[in-house]
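See below for the structure under consideration.
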Amino acid sequence: MSKRDYYETLGVSQDASEKEVKKAYKKLAMKYHPDRTQGDKSKEETFKEVKEAYEILNDDQKRAAYDQYGHAAFEQGGNGGGGGGHGGGFGQDFGDIFGDIFGGGGGGRGRQRQQRGSDLRYNVDLSLEDAVKGKSLEIKVPTYVSCEPCDGSGAKKGTSAKTCSTCHGHGQVQMRQGLFAVQQTCPTCSGKGKVIADKCTSCRGQGRVEKTKTLSVKIPAGVDTGDRIRLSGEGEAGEHGAPAGDLYVQVNVRDHEIFVRDENHLYCEVPISFVTAALGGDIEVPTLGGKVKLKVPKETQTGKMFRLRGKGVKSVRSSTTGDLMCKVVIETPVNLSGDQADLLRQLEEKMASSSKKHSPKETGFFDGVKKFFDDLKS
């Protein structure tokens, strides 16, 4: 697809002055800037075209090449080519024109932004009780902190960083390659725009030093494995006074010997005697708040699940509380004496001679087996 004439794009004549080109660009850039067009793709493309045209016509050498060769001057590995080279980003070269309108724009001619310190992660192992109830604890974190003697500047006390004489504080320099200009990070100041002549001896000019910090962390009630607690600004300090990163406390809840947690519900198994299962009765079941009584109805079968509402975990994100699910497991008696064994045999004989069915699962099992073989015969 053919590209529009750069002069036509900016709406200026071929003999327009640098001031006229700049004025036209500023007007169009403000009109079509993505911050004002709310995601309108067609206006985004127009903005790219306007920016590309300005980058060519505002540079004397590029403008002369364009006047002589047209768009062909910037194809085949040149400074842009193909329509996307000059407009492939927003705000890379117009911070000096209207950066005050859009909060600094981004500007390849402006100093690079300070690099904030790295985020850190600290792993915490908690018991289920501490996770459910919450806990305050102290942690020790090896990190970088701002250097106190130089107040994070990196410069010796009583001195300050000076504007870089190579890039004049911009952080970038232009390298000429024939007709084209390429911006690169300033090799003198590494893109910071300033250089430190007299470095702080404590931090060697970095503005930060290694230290182990002791921090107080409040673990909220209801946390679970995988939850993170963010401590803003407690990560590594940035170099030369740059903002610090954040510290993330990563929670891991250890397995419990009695309870298994599923979201805000707790599950446990409670052993009961076969007498209690048959005749019913009250038993004690454990909860995280202590033991509570549970009424077991007669003829309860092993595996029966009982729900104790509100005895689970209070949600860390809402006011709801989960339940405690208790599964009863009927224990087979062991270490029986001879008399006890005889009593069980007598009970079994009496139950076998009774006309009533006393083993619902056993009866159901044999009925199922009989039906299976009857089906095979048919």
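The chain as shown is numbered from 1 upward.
Placement of Cβ uses the backbone N, Cα and C atoms for every residue, glycine included.
Counting residues of the domain 'J' (5-70) by DSSP class, helix then strand then coil, yields 52 helix, 0 strand, 14 coil. Residues or ranges marked as domain 'J' in Swiss-Prot (evidence: sequence analysis): 5-70.
The zinc finger annotation in Swiss-Prot covers 134-212, and the record cites sequence analysis as its basis.
Its Cβ placed at the centre, C203 (Zn(2+) 1 binding site) has 25 other Cβ atoms within 10 Å. Residues or ranges marked as Zn(2+) 1 binding site by Swiss-Prot: C147, C150, C200, C203.
Summed and averaged per residue, pLDDT over the repeat 'CXXCXGXG motif' (147-154) gives 91. The repeat 'CXXCXGXG motif' annotation in Swiss-Prot covers 147-154 (among others).
For C164, C167, C186, C189, the entry in Swiss-Prot reads Zn(2+) 2 binding site. Residues within less than 8 Å, Cβ to Cβ, of C186 (Zn(2+) 2 binding site) and separated from it by at least 6 positions along the same chain comprise C164, T166, C167, H170, G171, Q172, V173, G193. Classification of C186 (Zn(2+) 2 binding site) by DSSP places it in coil, neither helical nor stranded.
Secondary structure counts, DSSP: the repeat 'CXXCXGXG motif' (164-171) has 0 helix, 0 strand, 8 coil. Annotated repeat 'CXXCXGXG motif' per Swiss-Prot: 164-171 (among others), in sequence order.
If you look at the repeat 'CXXCXGXG motif' (186-193), the same-chain residues 6 or more away from its ends with a CB under 8 A from one of its CBs are 111-112, 163-167, 169-173, 240. The repeat 'CXXCXGXG motif' annotation in Swiss-Prot covers 186-193 (among others).
Within the chain, the repeat 'CXXCXGXG motif' (200-207) has long-range Cβ neighbours (under 8 A, six or more residues past its boundaries) at 146-150, 152-157, 237-242. Among the features that Swiss-Prot reports, repeat 'CXXCXGXG motif' is placed at 200-207 (among others).
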Next item on the list: Show which residues of the chain containing C150 (Zn(2+) 1 binding site), separated from it by at least 6 in sequence, have their CB under 8 Å from its CB.
Entry: K156, K157, C200, S202, C203, G207
Next item on the list: Write down the Cα-Cα distance for C189 (Zn(2+) 2 binding site) and C147 (Zn(2+) 1 binding site), rounded and given in Å.
Entry: 20
Checklist line | Number of Cβ atoms other than its own within 10 Å, given for C189 (Zn(2+) 2 binding site) | finding: 25
